[in-house]
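Record features, source Swiss-Prot:
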BINDING   Asn104, Thr154, Lys158, Arg276, His308, Ser360  substrate binding site
ACT_SITE  Lys156  active site, proton acceptor
BINDING   Lys182, Asp184, Glu185  Mg(2+) binding site
MOD_RES   Lys182  N6-carboxylysine
ACT_SITE  His275  active site, proton acceptor
SITE      Lys315  site 'Transition state stabilizer'
Amino acid sequence: YRLTYYTPDNQVSETDILAAFRMTPQPGVPAEECGAAVAAESSTGTWTTVWTDGLTQLDRDKGRCYDLEPVPGESNQYIAYVAYPIDLFEEGSVTNLLTSIVGNVFGFKALRALRLEDLRIPPAYSKTFWGPPHGIQVERDRLNKYGRPLLGCTIKPKLGLSAKNYGRAVYECLRGGLDFTKDDENVNSQSFMRWRDRFLFCAEAIYKAQTETGEVKGHYLNATAGTCEEMYKRASFAAQIGVPIIMHDYLTGGFTANTSLAMYCRDNGLLLHIHRAMHAVIDRQRNHGIHFRVLAKTLRMSGGDHLHSGTVVGKLEGEREVTLGFVDLMRDAYVEKDRSRGIYFTQDWCGMGGTMPVASGGIHVWHMPALTEIFGDDACLQFGGGTLGHPWGNAPGAAANRVASEACVQARNEGRDLSREGGDVIREACKWSPEL
């Protein structure tokens, strides 16, 4: 492979799709051979020379390993940089992009382990994608909420509630001060709560809470289903009853289904919340799999207005600088290369709308100062047990979160250092809020 696919003197084109792989060769296999094999097996190569190679423009179409970089502190690990010509990929298809780059090469026996760390999506390719159905600014305009993080809550217990009791829990949280409530990722249409009943009771809760508070409210109605046709039916019903947002589990549902649903949401005025259920199966191993920053980039291309991104401070794993790196890749129009945050390539999204990060998992009011400092305003902070676990009930739990959030935002705007004074800010707010 290395005679054809390892090209250290290669000049990368501005239209090439670039990939950074963390590569662990098998003992005795040269790194150059492994890097070339990755480039070959994820583009035009196969295990032997075939006569039909002569019928193609192989030098133009092949992937090329153009650089190898030893991983500091590891004896047999390398970052292999691979450039793929843009013509290898179908326009507007995340499915085809991932099928080509990661679909086959991970089983290559010359490799002990392989992890896709990052992708550079050139403007020439990113412009073939619609991106998020609406984006952060349009969502803020629809909600008429600015200058603070949005607040949400996942309804618990996740399974077992009747539709009416579920709707009651939604109402209590929304009237208490939250902006959103959420279906858990595995709430679809089970025997104890069919989807249509849940949608109707949640819509009633939303409208009642909006009337009482004067604020726009929403509930992430999970439209994920066993078939795309059923998913469209649920999304269509949500649009008919006038709710603002629905939800999809994009990894278990699939990228093709997600892109189709995002297009439906764009055409029908629905925001789309994305849950990353199953992500840790793919991204948790440090030496093998796909890093979440790649899954976040591909989701932004496929389409999603919200995406769960980890918390840094809660119960789920996430390193602060690395998490902030892919949060920027979700929200910002242009992100510079920064290896300290795990960003291997400069990424220019060329005006594609941003996806709002959602921090969820084991967080509560004492985390509010850190979350406000880390994520800023353009984020949704989801407190499940941190709302429903309040000793006075759901509405007081929601009120406590809202008071804590607004106190932290005000303190930040006054120039106070939340990393040092966050505890004092919460204690001061407690004097004026018995719920907190």
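Glycine residues also receive a Cβ, built from the backbone N, Cα and C atoms like all the rest.
Computed from a predicted structure; not experimentally measured.
Here the features listed in Swiss-Prot are painted onto the structure.
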residue: Asn104; record: substrate binding site; DSSP class: coil
residue: Thr154; record: substrate binding site; DSSP class: strand
residue: Lys182; record: Mg(2+) binding site; DSSP class: strand
residue: His275; record: active site, proton acceptor; DSSP class: strand
residue: His308; record: substrate binding site; DSSP class: strand
residue: Ser360; record: substrate binding site; DSSP class: strand
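Between the CA atoms of His308 (substrate binding site) and Glu185 (Mg(2+) binding site) there is a gap of 11 Å. Note on proximity: of the recorded positions Lys156, Lys182, Asp184, Glu185, the one nearest Arg276 (substrate binding site) is Glu185, by Cα distance. When the C-alpha distances from Lys158 (substrate binding site) to the recorded positions Lys182, Asp184, Glu185, His275 are tabulated, the minimum falls on Asp184.
Rounded to a whole value, the Cα-Cα separation of Lys182 (Mg(2+) binding site) and His275 (active site, proton acceptor) is 10 Å. Taking a C-beta cut-off of under 8 Å and a sequence gap of six or more, Asn104 (substrate binding site) has these contacts in its own chain: Glu41, Ser42. Separation of the C-alpha atoms of Glu185 (Mg(2+) binding site) and Thr154 (substrate binding site): 9 Å, rounded to the nearest whole number. Comment: substrate site residues Asn104, Thr154, Lys158, Arg276, His308, Ser360; largest CA to CA distance 37 Å, whole number. All protein chains included, Lys182 (Mg(2+) binding site) registers 28 other Cβ atoms within 10 Å of its own Cβ. Looking only at the recorded positions Lys156, Lys158, His275, Arg276, His308, the densest Cβ neighbourhood within 10 Å occurs at His275. Looking at Asp184 (Mg(2+) binding site) and Thr154 (substrate binding site), their Cα atoms lie 6 Å from each other.
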